Amino acid sequence: PVSTLSHSLCLFVFSSPAVTSYTSQVAFPPLAQTSMYSAFPQTGQTYGLPPFGALWPGIKTETGLPEAPSGGQPGFLSFSAAYTSTQPGQLHYSYPSQGKLQPHSVSHDNPVIFLLQIYKTWKNKDRFGLKTCYNSLGQSQFSQYYNMPPSYVPAGLPSSEDHGASVGVAGYSAVKSEEARIFLWDLDETIIIFHSLLTGSYAQKFGKDPATVLNLGLQMEELIFELADTHLFFNDLEECDQVHVEDVASDDNGQDLSNYNFLADGFNGPNSGGASGATTGVQGGVEWMRKLAFRYRRLKEIYNGYKGNVGGLLSPMKRDLLLRLQSEIENVTDAWLSTALKSLLLIQSRGKCMNVLVTTTQLVPALAKVLLYGLGDVFPIENIYSATKIGKESCFERIVSRFGKKVTYVVIGDGRDEEFAAKQHNMPFWRISTHGDLVSLHQALELDFL
């Protein structure tokens, strides 16, 4: 009865006066796929980001930079392993995903939508993990600037109370939207333009008038050394330079310096041992070291007191000169400092990121430069290091020992010294050589690629 009922229902639904039924024939043969439903070719799809030249003009492609991390590490964009692309031409990006996805050019009509999709995915770090996102996207999108050592692995989060004291992180899933990062900046020709004004290299490279550029450099140099000599004890400290302002703090007995006469205490630099009077002390002796420490303590007080108002240390004439030089240098360098400041201030606004300055200039003139170029509020004096005596590689070692290894360090500079030091310490390096490099750096920071 059941089979009879089923047969009746089938005849009711599908029977037609024009159809003849045969017992030896299959009632319902399978339908063949028509040609209008042909398979869609994957090679025509345009996944990927456009070359950054389309989004940030003026970017040049450099060769010889390390490739992105190996494809064995899964990326946060997952594709079938069978997917391959044969898109020709030079590639600006590479995603280390499970398959061999090679990026294609996106139509310039609407590249921002795809960027926003990538940005939303990047924001969801808790699902995908910092290690994958940082290695695959953070470097490769800006490969012509961002030089990451092949063995680089980003660290976990430090404690928020002590600027990166080492604490462990149980897996990458605990990484939040604000990772602790220390940005190690070079000064000359990275943040400010100064040395190349004097050598003429800036005028030659960017087609500026050599005489005008040199004159601006000489005037700024005069202001730097006048400030250093007059208020920052450079005459006393030139031959006893330190890497950091706290290097001789252990020799300071905490004496009140409000009425202390630095001009009459008998300290005359490292050769003071030959001066008359027993109160002068011998170089390296307890008294001499204490007076040296007094000067660095006072130097720190002056820096902190005038970091937002360096004009208070200058005469009215010199103050006007400084304002004019700042304006003219900014004009002749096409707003180089203002462009760099955008990135510095963006980093400073983050809760767990920090700017640290490592320069080959002696410490006292470096502090004078920072003040005169208006960077005192960006770099606390505790975050300024001079590599004159020990080199940048050793400076980086000191910084790592201070903040710990659980912090991600990013080196930004224009020279081979910091690039080599970054490589030795397995730190990513961002090269600055043109205005476009500064613009791209700011864009990378805005999109949380750094």
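Each residue, glycine too, has its Cβ placed from N, Cα and C.
So that you can see what the record holds, here are the features copied from TrEMBL:
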- 1-20: signal peptide (SIGNAL)
- ASP186: active site, nucleophile (ACT_SITE)
- ASP186, ASP188, ASP414: Mg(2+) binding site (BINDING)
- ASP188: active site, proton donor (ACT_SITE)
Other residues, Cβ within 8 Å of ASP186, ASP188, ASP414 Cβ centroid (Mg(2+) site): LEU187, GLU189, THR190, ILE191, THR359, GLY413, GLY415, GLU418, ILE432
Packing count at ASP188 (Mg(2+) binding site) (other Cβ atoms within 10 Å of its Cβ): 19
Among ASP186, ASP414 [recorded positions], residue with fewest other Cβ within 10 Å: ASP414
C-alpha spacing of ASP186 (active site, nucleophile) relative to ASP414 (Mg(2+) binding site), in angstrom: 7
